[in-house]
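Visitor: Here it is, the structure, as structure tokens.
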């Protein structure tokens, strides 16, 4: 019975191999080089003019690598703050991200990247988009960190990536909202999806593992590696797929100032909310990033550094207040056990970002944007909608993202509960030892291990 | 009385909020997008020729992000070597850098970036310059690490950024010296400013905290993350604002070889200076970077890899000798308690870099530089001054930087001493626990904590 | 006698200083700026057309910095997994890489970069190539980690860099094989060279230090920093010196998907091979990178993402099996004590990469490559050889790399055994304390230290 719940020897290899075989077959059937990665097509176009720099690769690769660092180092290490779940944090992050980016290539391709030949043509932009989709999955992972098996995580990724692609298609191609940095498609969707999953997987006896939910001194320093990388490269994240030229440049700058302001607001609030005026590492590690989330939609717009700093400050304040007051309430009243506080870092700041985007869009004028309007708001430039109309579309997009997250998370949460996928017992949450060979000095005490059998019996 | 000195609940939020509100107001009044980040202006210029790559962003963004990594990861983690000050190192670094880069945008704008419309127009280059200015503040932080409150640090940043901008304006625009990598404006200024501040804040009873001034095994590994990132990205730092083309390319290469040579020199000296021939992590973490500082001025000149390697070797030797022999003397004789040894890593190598720059400038000929002279030494190219004249200007610039550092540091040090800003007691220097919620296993012993009250009484 | 073996006070400074002086002299005599880093030559060419972006720097610098991160952070931290050898891992990596990249500039210059003026002209591409050569040395370092003195490592680097340059010249310029990411020149060569050296330096009494050969919890997290950076930036590594345009873009994409597939395969196998289904950090840290090695040759070819994922999966499987079954056999039967398992991460995947390259090359047709054939297979494009002929050349190149590695490693291993270079006693392998000032809490026990004298007597 014990082995059924936590021994992954059959389950994990089976799901990994099945998924990778499916991926390989589907890639073989559907995926092709696009004209910028295909030797023949590229040279057919470029041999006469010889302009190598026309390849989009040279505009987007530095940003892509920054995004890649955020996905694997940023998210991975941010979650290592738990004293006994460092392996699971960085390595399960690595596993599900590696799967999700392959799967996202297919799903995003199916829903909005198919060529007239029925094939998905890929290049640097599809790689960035796959990393973005992966980001949403990792946000959801943060809400259930330490309380699921790796098989459950892969199952979640299969469905969440699919829903992400559909949601993204609706928001960008049907509603025609703008969301280059993903305040709605990535952060709002990923956060509320994860919160609902966490609600479905609610553990009434989680107090048996609460002593492991904190940090130790050096685990907080590992987490700061994640924080700082996310913070530094967020300008690349928000600008990675914006239009070349002023749009990309402006998005970087708006994000940079929003984050800087957010950091000061976070330190201020963190100290203010402590009786002794002491700073809390949880706030610094997380809330200081909310400024990046909150300009995910409006970053490419003419928000100005001034506007960005106001938004960033607000995001830092909301997020820190959330960690202090809202997370305990979500836990005790709503039965949402949000390990990393994704509601504070991605949920509320994501909604704030969507609102800021809607307001900024509705204030767009030709006088401000000039001919650049075509890049930022093509519908407004074409005269198809007014600026207010674009603002309304932005607001609708937020509703769509929330809807997909809440309904999708609910369904996927119940799927994840199917016993075959395994799950840790309540006594061994936030504990690497059940899935990892852990070096000797770090074994759980004998008492804890013997407690497992009993608990597992209760769970099963 | 105790709470007066270390409880930051009122002070820290107050100063953070006041500063951020001032920043937001001043940004609203004075700061505007430049023509490369403004949608309308950009498209007015570029829609006809369509050349997106003309945007300076694509030349400078990769270097900018490398500099950003140096500021936040490099400086932040380099200082985590202290066994009990990891939170303060990486997170106060994060706080004051986030403030300083906003403030620097304004100060540098006021002194040398104002447009004819009375506005500061910003883009990628102003972001790099803001990060550079922030670097100087973080260097000074290294000299007083563990001995100040975060409020004192923010106060220092307010004044130091302002003085930096004035000093930089005089050196680059009045003296018209060259200093692309900041041997003078950043390193010499930041180091001697910090040393004077450290002198003013001299603590005669610091021996009460000396047992916390060392490292533990893993804190030294965290510090190596900082070292390696600084080392790797220093070529980007020195070249970030040089002219495009050969200048930027050459600066990278000179810095690369200087650092490589410096590393060998540092290992040689570190072993030689130990009785048992054992290497000292303090030397490896710091002195191996001196080669980057020492080519901060001459890196863009025709120094050659050969010349760079000589300079780098010298810098490594001087810096390691400084750690071994000079730091203890500064402490005991001059009452300068230099926590990170900034005199060895930034002070002396900065002066060396200024001298190398002056010599290299005075040897410039049209035969060596060709038409590239206009980029490196515009005054010489225009025939306004001779090469020797440029050399003299370089030497004057060093004097200006030293003057600003010594006088400025003195004034700012006394300001920082004002009791309202708070400061740790002598018994609790280099200790995170006074400003941070620290995870349980890491509490200072009961004895230490009870010792505080007594000591605070003495300090107050 | 004891001091003879482990005290480095004379040896290490002597070899560092001698090597650096030789480097400086040879750089002074032979090394010059190339036309893209020389002020005069650059402006003679470019002042009329003004096209700054023609400088190769802007295409290659972001990739170069990624490679740089792999060399210094990637390799350096990957090896910090050992509980008591973190300083030696990251800092000796730093030392020998700093030397090797200078020496490689000269050796690669002598063998295939000399201009008609008898000088070596250097720029961004030579810096990348120097980092590549350094990579091979660091791979070999992994095979002998913890069992050599820093002087032995520098001696190894002197000879291995030289042999690397000759081997590379033969493979690329005489055999005219393709190997942009170095499956053969870097990974196969570096791994088998290191394995033979490890065989020559075989220690029959290494069991006296085996208790130090494992990890502790946080050392495994430090190692994951190395792993993740290597994994993320491997696309930059494989593409750093490919042709601009589609080739560079395609190489990045192939490597990205190979690695993603490899990660899933590694998790599957790691769990499957454990009785309790528990994942092993050694596998995750290392085998998940084999997918990058295995597309080092074919990455720039029209391998397709589909093909890359198959290759990556195979690499992950082979590598994990190697860690589980082959490493113990190499140790017990063949007397090869491979500390980091370089045979599994670089050796077998390198050979796999060479074979995949040969097969992919032999399947090249003009119908697939179009005019891009000239970039990928110039000999085939010119009609000098058939695709099969190119495949044969690729296979010959593998033989050359293996030959150089085995014979070279043998000779260099014996040179390294010369007593004057010093070496740790069998009782103090994998122990920082003999070469480093280690913070107090980490001292080896008194028993261990007293055991040294005895053992040293036996060794000497």
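Placement of Cβ uses the backbone N, Cα and C atoms for every residue, glycine included.
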Visitor: In TrEMBL, which of B:126-146, B:336-356 is labelled transmembrane segment?
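Guide: TrEMBL lists transmembrane segment for residues B:126-146.
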Visitor: Which stretch, out of B:94-114, B:367-387, is listed as transmembrane segment by TrEMBL?
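Guide: Result: B:94-114 is the stretch TrEMBL calls transmembrane segment.
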Visitor: Report, as numbers and ranges, every residue of the chain located at least six residues beyond the transmembrane segment (B:254-274) whose Cβ falls under 8 Å of a Cβ in that stretch; write 'none' if there are none.
Guide: 181, 231, 234-235, 237-239, 280, 283-284, 287-292, 294-295, 298-300, 303-305, 307-317, 319-321, 324
Visitor: At a C-beta cut-off of under 8 Å, are there same-chain residues at least 6 beyond the transmembrane segment (B:286-303) that contact it? List them, or none.
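Guide: 78, 178-184, 186-187, 227, 230-231, 234-235, 237-239, 242-243, 247, 250-251, 254-255, 258-263, 266-267, 269-270, 311-316, 318-320, 322-323, 340-341, 344-346, 348-350, 352-354, 356-358, 360-361, 364, 368-369, 376, 394.
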Visitor: Sequence-remote contacts (6 or more beyond its ends) of the transmembrane segment (B:12-33), Cβ cut-off under 8 Å?
Guide: 41, 99, 102-103, 105-106, 109-110, 115, 117-123, 149-151, 154-155, 158
Visitor: So which of B:64-82, B:126-146, B:184-202, B:214-234 has the most C-beta pairs under 8 Å when paired with the transmembrane segment (B:395-416)?
Guide: B:184-202
Visitor: Take every residue in the domain 'Ammonium transporter AmtB-like' (B:56-419), average their pLDDT values, and give the whole-number result.
Guide: 97
